[in-house]
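For reference, the structure discussed in these notes is given below.
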Amino acid sequence: MRCLRMLVRILVLLYLAGAPALAQTLCQPNASNGYRVRISIKTALGNQAYEWNENEMFLFRATMAFAMRRYYKTETYNVDNIIVCNQTRRVSFWFVVISPENPTMLIPKADVEKAVSMSRHRINNAFLLTDRTLEFLGIYPTLAEPVNPDTPPWLIVFGVVIGAVFAGIIALLVSSLLQKRRKEKGMMEDGQDEEDRQMKGVENGINLDGIYNRGFTDDDRFTKL
Amino acid sequence: MRLQLPNPGLEDRILSHEELDKLETEEAGSGDRPKWDNKTQYMLTCVGFCVGLGNVWRFPYLCQSHGGGAFMIPFLILLVLEGVPLLHLEFAIGQRLRKGSLGVWSTIHPYLAGVGIASMFVSLMISLYYNTIMAWVMWYLFNSFQETLPWSQCPLNYNLTGLVSECEQSSPVDYFWYRETLNSTPDIGENGGLQWWMVLCLVSAWAVLYICIIRGIETTGKAVYVTSTLPYVVLSIFLIRGLTLKGSLSGVVFLFTPNLTELTNPTTWLDAGAQVFYSFSIAFGGLISFSSYNSVHNNCEQDAVIISAVNGFTSVYAATVIYTIIGFRATERFDNCLGGNILVLLNTFDLPEGNVTESNYDQVLQSLNGTHPEVIQGLNLKTCDLNTFLSEGVEGTGLAFIVFTEAITKMPASPVWSVLFFIMLFCLGLSSMFGNIEGVLVPLQDLGVFPKSWPKESTTGITCVLCCIVGLIFVQGSGNYWLSLFDSYGGSIPLLIIAFCEMVGVVYLYGIDRFNDDIEFMIGHKPNLFWQITWRFVSPAIMLVIFVFYFITKVTETLLYKTWNPESENFPTLEEKPYPAWIYVIIFILAGIPSLAVPGTALFRCLWRKRDRKSEQQELKTVKADIKGLWIVGSKLHIESILPSIGKHNT
């Protein structure tokens with residue numbers, strides 16, 4: 001009985017000591033269920049770049065756990081389920097996700113990809129980075145849906161311009177027509193005035209009152225032949 | 001002894017100086033000939049006509065490809081020896097004879113009417129395709145009123161899985177220009193049908209033109225206040241913006257760095273001469289028309305010098321502005337290229353960021369090449385050279401619609417710059433169109449094609465509608481190819497012939513003595529020795545040389561044209577194809593008919609006159625016979641009337 005208990009204790013101790021080692025063997029470069037992450041902080045933020053250290057790595061693992069929780073809609077995932085290895089000076093590393101129920105089982109690549117794609121925007125924002133500067137090699141960023149307005153904007157501008165131009169043309173044509181009519185009317189009225197003046201006998205602009213003496217009309221314009 | 005060809009009857013055809021003065025005082029308020037409201041309108045119209053799209057997109061390319069600052073030397077020399085004399089000649093002859101181009105040449109000599117007709121044909125052909133370029137500018141202008149410019153990114157393909165492949169292989173600006181604007185077919189033979197969006201833009205371009213020319217210079221004179229001044233404002237805004245962008249100064253330096261060895265190359269001088277000639281819009285007939293609306297004593301010599309100076313200055317100014325933006329674009333491309341290479345190096349060798357920068361890139365590359373040569377080879381790093389990017393100089397529509405639009409997408413607040421740029425292009429083109437259309441309308445009126453009773457609005461309207469309908473050729477799928485065809489052949493050789501005939505006609509047929517006297521009457525002093533030498537010998541000689549070289553080049557070159565063919569192997573490079581055989585007929589029509597109109601009309605008039613003379617002689621004979629007969633009859637009657645009295649007396 002005591003031997004059995006000691007054996008169990010040794011096994012537990014070995015397990016506790018070996019678990020991280022086991023976990024490390026799970027995470028390897030080019031692991032079948034792992035992804036490589038490449039981070040370019042200086043490219044994204046320039047002067048305001050922060051230092052990549054253990055705390056940032058902790059944030060990364062926490063964000064990945066958040067992504068897994070969101071995808072599976074469960075609350076079982078934790079920071080310990082995200083294992084990171086092979087970090088380089090470039091700031092690139094590999095990570096794998098182990099299942100919370102079974103620490104030896106890795107979450108398949110496809111599921112990890114879907115989880116990352118779903119929360120990509122949140123992951124990027126946690127680090128103030130973009131799709132280009134926080135790369136998951138093998139997971140392509142989803143393309144943004146193009147905004148398709150109902151009427152193309154150019155048609156609206158075209159309508160405004162052509163409406164204004166045609167209105168202007170019609171206005172000019174109408175105004176020149178009115179001008180012409182006014183001119184013709186003016187000429188006709190001038191003609192009428194001339195006739196009236198002759199009949200009323202206006203001399204030097206002074207209206208002579210009186211009866212027109214027909215004795216002085218020249219009706220003998222044509223000589224008798 | 002001055003060489004003067006015989007020109008009988010010239011005195012009867014032109015108004016004498018006294019009659020001109022009388023006309024001047026009488027016509028003070030009325031008269032059926034239009035007049036400029038003030039001198040500013042006239043100057044702005046001429047400046048607008050001369051300053052056009054060529055100043056913006058042809059001159060900078062020529063400058064940069066022919067030795068930069070050194071190109072100024074042939075350009076300025078030929079401006080003074082060729083441009084200014086031709087301009088002064090056209091202004092003076094229009095002001096003196098007070099008619100449009102057709103009237104002027106038929107007045108000088110009836111056989112020269114062909115020059116006027118050729119001018120009209122050339123102006124017509126150029127109007128047709130020039131307004132299509134305006135339609136393209138309007139299309140881009142309409143599309144600039146969006147937050148993200150449509151040519152800044154590739155559209156997604158049908159499945160929304162990726163970008164459209166044609167766009168991915170080339171670039172968003174190329175795709176927008178060749179596919180979404182032109183919808184270009186791969187061959188000039190396939191016409192691809194009318195592109196409805198371009199038809200709308202073409203209609204709007206002609207509508208805007210119509211409203212500006214609806215009453216002739218009465219409305220044009222008002223429109224030029226905007227269309228001739230706005231380009232300068234926009235150029236200045238772009239200059240200030242451009243100079244604040246990174247890399248702009250390298251562009252300007254590249255443009256003006258002189259390479260004096262280019263001066264020994266004859267094509268440099270040829271291109272400079274051609275550029276001066278085409279830039280001044282001579283031989284279109286529009287300038288003659290415009291100056292004929294002036295008062296008789298207007299100082300045309302001063303006008304010619306001022307307008308030439310403004311034109312030259314605008315070319316240089318526009319080139320500077322364009323090259324600040326091109327310098328910015330080239331620097332941006334260079335930075336992207338280098339940045340891409342650096343990223344590849346960092347990723348491959350897992351070096352921390354900031355280890356490799358632009359300054360130590362070469363050293364690091366060399367050291368890495370020493371240690372890991374095979375890896376470096378496998379990376380296929382691109383060679384990034386700023387000068388290569390700068391000399392990707394393009395001209396023409398490529399500059400405006402591809403290179404410049406790409407540069408605009410990289411500037412902050414792109415829609416604003418895009419709107420400004422295309423409004424500037426539109427104003428430049430519209431003011432040139434005023435002159436082109438004037439060169440079409442006035443000869444049509446002189447020929448009596450429209451009845452005199454019709455109002456001006458209807459004649460301009462009908463011309464615009466007909467030109468719009470014919471211009472539908474250029475909005476098909478293959479329209480771009482047709483346009484470059486018209487541009488190369490319709491607008492080049494005939495103009496040179498017309499200009500040469502103009503000079504010879506004025507100097508040797510009208511008579512340089514009479515011309516000098518006219519100018520003395522108009523502006524108060526005789527033209528000095530410079531004008532005499534250039535008019536009589538230098539300018540015609542230059543025209544002849546340019547014409548001969550141009551003709552030989554055009555005739556001997558193999559006719560190829562560049563097409564946008566997504567299926568070609570070198571896509572996105574434009575594929576060069578030979579023209580089909582029936583194009584030669586079209587080329588002959590474009591270049592041959594206006595050129596042949598000059599001798600053709602002369603021959604026609606000669607034969608008509610001979611026929612007239614024959615019938616005149618016959619008429620004379622019959623008239624003589626009639627007179628004789630009448631005299632006989634009359635004398636008979638006289639005798640008969642006398643006889644009775646004689647008889648009376650006798651009896």
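Note that Cβ sites are derived from N, Cα and C of the backbone, with glycine treated the same way.
Unlike curated records, TrEMBL annotations are generated automatically.
Among B:Asn259, B:Asn299, B:Asn311, the residue that TrEMBL places alongside B:Gly48, B:Val51, B:Asn55, B:Ser279, B:Leu428, B:Ser432 at the Na(+) binding site is B:Asn311. When other Cβ atoms within 10 Å of the Cβ of B:Asn55 (Na(+) binding site) are tallied across all protein chains shown, the result is 26. In the three-state DSSP reading, B:Val51 (Na(+) binding site) counts as coil. Between the transmembrane segment (B:229-256) and the listed ranges B:42-59, B:196-217, B:276-293, B:305-326, B:416-437, the one holding the most Cβ pairs under 8 Å is B:305-326. The stretch in closest packing with the transmembrane segment (B:42-59), judged by the count of Cβ pairs under 8 Å and taken from B:196-217, B:305-326, B:416-437, B:581-604, is B:416-437.
Most Cβ pairs within less than 8 Å of the transmembrane segment (B:276-293), among stretches B:111-142, B:196-217, B:581-604, belong to B:111-142. Below 8 angstroms of C-beta separation, residues 53, 100-105, 181, 197-198, 201-202, 204-206, 209, 283-286, 397, 400-401, 405, 418-419, 422-423, 425-426, 429-430, 432-433, 436-437, 439-440, 443-444, 446, 467-468, 470-471, 474-475, 479, 482-483, 486-487, 490-491, 494-495, 497-498, 501-502, 505, 509, 590, 593-595, 597-602, 605-606 of the same chain, each at least six residues beyond the ends of the transmembrane segment (B:111-142), sit close to that stretch. Counting other C-beta atoms within 10 Å of each candidate's C-beta, the binding-site residues B:Ser279, B:Asn311, B:Ser432 are led by B:Ser432. Looking at which of B:196-217, B:305-326, B:581-604 has the most CB pairs under 8 Å to the transmembrane segment (B:416-437), the answer is the stretch B:196-217.
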